[in-house]
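Over in Swiss-Prot, the protein carries these features:
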- 1-90: topological domain 'Cytoplasmic' (TOPO_DOM)
- 91-117: transmembrane segment (TRANSMEM)
- 118-143: topological domain 'Extracellular' (TOPO_DOM)
- 144-160: intramembrane segment (INTRAMEM)
- 157-162: motif 'Selectivity filter' (MOTIF)
- 161-169: topological domain 'Extracellular' (TOPO_DOM)
- 170-195: transmembrane segment (TRANSMEM)
- 196-405: topological domain 'Cytoplasmic' (TOPO_DOM)
Amino acid sequence: MVARWVKGSEDAPLALQKIPDLQSGPRSLRMEAIHIGMSSAPLVKHSNGVGLKAHRPRVMSKSGHSNVRIDKVDGIYLLYLQDLWTTVIDMKWRYKLTLFAATFVMTWFLFGVVYYAIAFIHGDLELGESNSNHTPCIMKVDSLTGAFLFSLESQTTIGYGVRSITEECPHAIFLLVAQLVITTLIEIFITGTFLAKIARPKKRAETIKFSHCAVISKQNGKLCLVIQVANMRKSLLIQCQLSGKLLQTHVTKEGERILLNQATVKFHVDSSSESPFLILPMTFYHVLDETSPLRDLTPQNLKEKEFELVVLLNATVESTSAVCQSRTSYIPEEIYWGFEFVPVVSLSKNGKYVADFSQFEQIRKSPDCTFYCADSEKQKLEEQYRQEDQRERELRSLLLQQSNV
């Protein structure tokens, strides 16, 4: 039996109840897999079966995009113009193409207007049969349309041969040279931004896949928070480093409330914590020991906590040597206690390693269930003591604030 958690239809704990009870012991435990539905919508949960309780908004989406809005910054447009290169590169393609097309058309038109003004001042627009000996500044430019076409042909180096500049007007020659220099610089800038945007390692980072959920299980006798990461391309990533930041509200001893307090969460692979070889989908572990910022998690309070775990993978692209970063985040509703990931890597009949990504998002109950189903009274007592200690700290902070006033 496979239970699928569909966003908005039922809560995750209800879906997990479809798995057989663990009280029968590890020997009779049936290894059932759960497929985690992908969704970027804010998660909600039932509060004592009455209504829905919304959780704190994400700082970072599952795809790694920041949800923080920058507002009320003095001179923000000037700051963007001062860093024009980054501003143009960060533009979306539709805005970039529109801006560059408008830039070319405007330069053609503006220089065409100046050419038309030169021809008007020189009297080239009033030529007739009686003025056949008059030499114009620009041949065949007797209207604004002709001036625009001359500007376009000169800037794009088309050179049809009908319209050409003469030696009669030195200022027209100077304007032609200025146009070619200015537009060449514009073309260099445009070409550079296009190449820089295409070659950005951002697209390479999108081929790094994180598991949609995280699990808490025992690894080598230690309680660990586990996530999966996979490289979707054959080209390798070198010098990989995975780290995490725990974001949660924190109240200092002075009573100051920090909305997004950051705590470092260290991950490791097997016995190594630096530069894992990410050639196959790998499992990263964070040990929930006394030094862990997640040490207070229990099966009872996991879904009641309000925090966000941001995971960052920094790596160097083998083919371009560019540094890329892939990000994701996990909230309590996406962390499952007492589960483990279904193995993804297997050995084929031909002796080759095969990564089956249809199993990448699936989890199953851990066979070692003693760490979360035994001694529940002790866990409840520890949780009660922890809540009393938290209330005592909040009371001391409140008294300290009143004394300062």
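Backbone N, Cα and C define each Cβ position, glycine as well.
Packing against the transmembrane segment (91-117) from elsewhere in the chain are residues 138, 141, 143-144, 147-152, 155, 172, 175, 179, 182-183, 186, 190, 193-194, 197: each is 6 or more residues past its ends and has a CB under 8 Å from a CB in it.
Here the topological domain 'Extracellular' (161-169) is broken down by DSSP into helix, strand and coil counts: 0 helix, 1 strand, 8 coil. For the topological domain 'Cytoplasmic' (196-405), the mean pLDDT of the prediction comes to 83.
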